[in-house]
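Over in TrEMBL, the protein carries these features:
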- Ser577: active site (ACT_SITE)
- Lys620: active site (ACT_SITE)
- 120-234: domain 'Response regulatory' (DOMAIN)
- 490-671: domain 'Lon proteolytic' (DOMAIN)
- Asp169: 4-aspartylphosphate (MOD_RES)
Amino acid sequence: MVFFWKAENTENEEAQAGTDLDDLRKGIEKAKLPAPVALVVGKELERLEKMDSSNPDYTIGLNYMDYLLSLPWHSFTEDNLDLKRAENILESHHHGLRLIKERVLEYLSVRTLCSLADFQILVVDDEEIARTNLAYILKKEGYRVVTAGNGLEAVKKMKEHSFDLVLTDLKMEGMDGIQLLEYAKQQEPRPEIVLITGYATVSTAVDALQKGAAHYLPKPVDLDEIRATVRGIRDKKRHLQMTRSPVLCFAGPPGTGKTSVGCSIAEALEREFVRISLAGLRDEAELRGHRRTYVGAMPGRIINEIKRVGVKNPVFMLDEIDKIGQDFRGDPASVLLEILDPEQNQRFTDNYLDIPFDLSGVMFIATANAVDKLPEPLLDRMEVIYFPSYTAREKKMIAEQYLIPRQMREHALTRKKIEFSDGAVTKLIQDYTLEAGLRNLERQIATVCRKLARIYVQSEQDLPPLRVDESMLERLLGPRKFRHEIAVAGRQVGVTTGLVWTEFGGEIISVEAGIMNGSQQLILTGSLGSVLRESAQTALSYIRSHADIFSIDPDFFARSDIHVHIPSGAVSKDGPSAGITIVMALISLLTKRPARRDVALTGELTLSGRILPVSGIRDKLLAAQRAGVKVVILPLANEVDVQGLEADVTEGLEVVLADEVQSLVDVVFGKD
Ligand code: ADP
């Protein structure tokens, strides 16, 4: 009985294997794979045909082939290069961001020029009829075509003129196709070569491909195939011309529009849009796949996404490249370079696929909050475009024109004609969010919309259009989340306010200093990085060596310990720009003069008390505005940065520029 069941099962398996392989063969025929892939697939099919279907390798092989066939080897979307349309799309989705929009439109213009450039073909064949027929067909397709009757004549023509593609016969007197291929490879710019041969055998084909031919076609040539091949090569060349321009990297605090601009670019070009986050990425294999020899091997995320969208030229956003896991196994920069560099990504090899897949048509856009920690070689290949923090006025405008209407639509409230009062929008920004971008603002608007939706649904009678004013906002969202603590903090001895730049934009910090009996120790707490620790040491040494200027007892440190603490100990902090904030906290402590908390400082300190310039001025000023700071002290050398700013950024702030510490005493402690 058992034996009989087994026999029946084996027959079933065999029948199943037969249909599997039949399906596969049909699939291969339909897929019209590129020559190198077709070779691999052919070999794999042969291997499967010889294998018992109960062998676990058989299923692995079948899945592999299925995967190969499902990849978009040839499919791509045609770019829409209508500049006016692209401009309208960018404008309709984004307020401001002038420089970014300009850069995107320039990018599209280059692309348009590339696509309008003639594609020049050299047809080489010793048979006149074949040569003229081929030239005729290609000219009809809109290409510029020149012909040559043999290899030597072709070389002469290539010396006079550069071609994008050489279509050559293999067997010719004097100089054959392979020799011509060898010659063409040395040319700059190097043309693509397609060999046409009446003696197409697998070995000549492999030989030609190994020597660098783009493709080979058997004689008699199938006209559709030749048209498709030439079109494929032309499109690839265009993509390459475009991708040779550096990869764009959008950098800026969260919620400043990096992802949504990427989305709009895809929409403008009519390309598919893919986004993967690299945050916390641990292993190269996540991007590049596992070798098939591993149990449960899978392709990497890049190829998987390409398969999912079904085209080889999407806009592909690599989000948060600065957040790749610290414990990454392998070198993240080299993997990313292989993906992003058009020279290398033409032959991107996923470990699972084990055959190169051409990623040169993909338009990669990377995003990062801060680029300063990215490896140099990677930064070199990218053009960093900074997305600035938004001013309060910009936020208000964006909320009114984009975020509120969008959230209304998404919560099916558009028909209810709800209005937000001016004061309510300002309150939302000032009392419920504290950020450089718009993420929380949009979240808070969504919360209001949800609550409004509930009010409408639960109400017994038809409600008139609601108006969200400040008091209604407070009822819906609860008491304010943030208050201007700095503005109301008054004065304190040994505590000063500083401005620093983090990946979230500008931030306010307080520096606290205390003194106690001890033995000349400088205690530093608050998760401070090494540069910040050195700044604190510099500040202390400066005061010890200049004690008399500030009327401080020169022996103050003889029997004391000094403690400098920067609160929010859980957040690690580093950088030189807190130097003058620390020195003023120490001077306040040692002279017992209370420091104004609504005066915020930023600047690097030298041992002689000079103040050196720092970066991120715009973001820092906006953070000062958000926190209710009245006076901002900046290094004199940053004057040019301040002059280039919009009036909105400095509104309500008194900006004091200084180049040495002594002159700050009156500003920070008050003249009296
Ligand atoms: P990021 O990728 O920089 O973190 P997002 O692109 O996710 O930011 O933007 C957050 C939200 O803010 C999105 O809903 C986006 O549409 C909106 N947004 C950002 N900048 C603008 C702008 N300039 N105009 C209109 N909406 C914007």
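Each residue, glycine too, has its Cβ placed from N, Cα and C.
Positions of TrEMBL features highlighted on the structure.
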residue : record              : DSSP class
Asp169  : 4-aspartylphosphate : strand
Ser577  : active site         : coil
Lys620  : active site         : helix
Spatial separation of Ser577 (active site) from Asp169 (4-aspartylphosphate) - C-alpha basis, Å: 68
Cα-Cα distance linking Ser577 (active site) and Lys620 (active site), given in Å to the nearest integer: 11
Number of helical, extended and coil residues in the domain 'Response regulatory' (120-234), per DSSP: 53 helix, 25 strand, 37 coil
Per-region confidence, the domain 'Response regulatory' (120-234) (mean pLDDT, whole number): 86
Those residues of the chain, 6+ apart, with a Cβ under 8 Å from that of Ser577 (active site): Gly498, Leu499, Val500, Trp501, Thr602, Gly603, Glu604, Val614, Ser615, Gly616
Those recorded positions listed as Asp169, Lys620, and which of them has the most Cβ atoms within 10 Å of its own Cβ: Lys620
